[in-house]
Amino acid sequence: MKTKVIVVIGPTAVGKTALGIDLAQRYNGEIISGDSQQVYRKLDIGTAKASPEEQAAAVHHLIDVRDVTEGYSAYEFVAEAKALIADIKSRGKLPIIVGGTGLYIQSLLEGYHLGGLVDQEQVLAYRAELDCLSDEDLETMAEQAGLMVEGNSRRRIIRGLELKKFGENLENTESGYEPLYICLTDDRQVLYDRINQRVDKMMAAGLLDEVSWLYQEHPEAQAAMGIGYKEFFPYLEGQISLKEAIDNVKQNSRRFAKRQLTWFRNRMAVDFYQVSEEAVKDRIYTAVEEFLDD
């Protein structure tokens, strides 16, 4: 029997953290963070990490598990999340994944799996490379590789290219999970306004101090490349004004939110929930309860 997993996804600033905590409390669950930046210790504000009070309200995993000097990959996330899901289930609780890093979550819950640990790391690295390509470039690669993909589905093209590259080492096996995807969204302008307001709140909470520490101590770290950090480096070097840096964070965050929604819409079988819609919580509760009772 497959393990049932609730998955709360959506663009940045849409309200995933609050919903995840609500569901964990209501359905005896524990939260696994599906965010590639929240793994880093000391980077609390810019990553919009759940506050100490929020983390006390529900058990959270995969937050503060890496130093900023360390890298983090989809392969590491998959390995650690699998172990956590098994542990959470063994204690009679419900695994709830909350985050916006689509590649990590999809790699865990869907797709092909390799037998060897080294091969698994290689295929996830290759998948990340393919994900950076445009639809047009992927279709060109598929044609060059002689792939015939029905409907030119981006996800099928990527899987086909993975099969072509890794051949018999790549097995089309079931993931062992039965996910219920709850994708939060909102009207674009409402979401963009919320993003802008959150950046302002981050600044008031001390984001610049957090960025300054990272810039002084570990400017070359993978963690420093995240949105909310890298935009301030030109300001700290005297190249742009603070207002320009803040505006760049807001703009990049809005663009990231748009990319996230495109990812979830095109590559994962998700149900969308408009957070500003009346009674949206009741709809979500009903979906979860029907899923768990099935």
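Cβ coordinates come from backbone N, Cα and C, glycine included.
Cβ environment of PRO11 (ATP binding site): GLY100, LEU184, THR185, LEU191, PHE256, ALA257, LYS258, GLN260, LEU261 lie under 8 Å away, each six or more residues apart in the same chain. Sequence annotations record features per position, and here Swiss-Prot assigns ATP binding site to GLY10, PRO11, THR12, ALA13, VAL14, GLY15, LYS16, THR17 based on sequence analysis.
Among the features that Swiss-Prot reports, substrate binding site is placed at THR12, ALA13, VAL14, GLY15, LYS16, THR17, with the record citing sequence analysis. When secondary structure is read from DSSP and collapsed to three states, THR12 (ATP binding site) falls in the coil class. Within the same chain, residues at least six positions away from THR12 (ATP binding site) with a Cβ under 8 Å of its Cβ are ALA48, GLY100, ILE195, SER253, PHE256, ALA257, GLN260.
Feature annotation from Swiss-Prot assigns region 'Interaction with substrate tRNA' to 35-38. Mean pLDDT of the predicted structure over the region 'Interaction with substrate tRNA' (35-38): 96.
The feature site 'Interaction with substrate tRNA' is assigned by Swiss-Prot to THR101 (among others), with sequence analysis given as support. Residue environment of THR101 (site 'Interaction with substrate tRNA') contains 20 other Cβ atoms, counted within 10 Å of its Cβ in all protein chains. In the three-state DSSP reading, THR101 (site 'Interaction with substrate tRNA') counts as coil.
What Swiss-Prot lists as site 'Interaction with substrate tRNA' is ARG127 (among others). The 10 Å shell around the Cβ of ARG127 (site 'Interaction with substrate tRNA') contains 20 further Cβ atoms across the protein chains shown.
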Given the ATP site GLY10, PRO11, THR12, ALA13, VAL14, GLY15, LYS16, THR17, its other Cβ neighbours within 8 Å of the Cβ centroid, in chain order, are GLY100, LEU184
Filtered by Cβ under 8 Å and at least 6 apart in sequence, the residues in the chain of LYS16 (ATP binding site) near it are VAL8, ILE9, GLY10, VAL98, GLY99, GLY100, LEU184
Counting all other Cβ atoms within 10 Å across every protein chain shown, which of the binding-site residues GLY10, GLY15 scores highest?
-> GLY10
When a 10 Å sphere is centred on the Cβ of ALA13 (ATP binding site), how many other Cβ atoms does it contain?
-> 23
Apart from the site residues THR12, ALA13, VAL14, GLY15, LYS16, THR17, the 8 Å Cβ neighbourhood of the substrate centroid comprises GLY10, PRO11, ALA18, ALA48, GLY100, LEU184
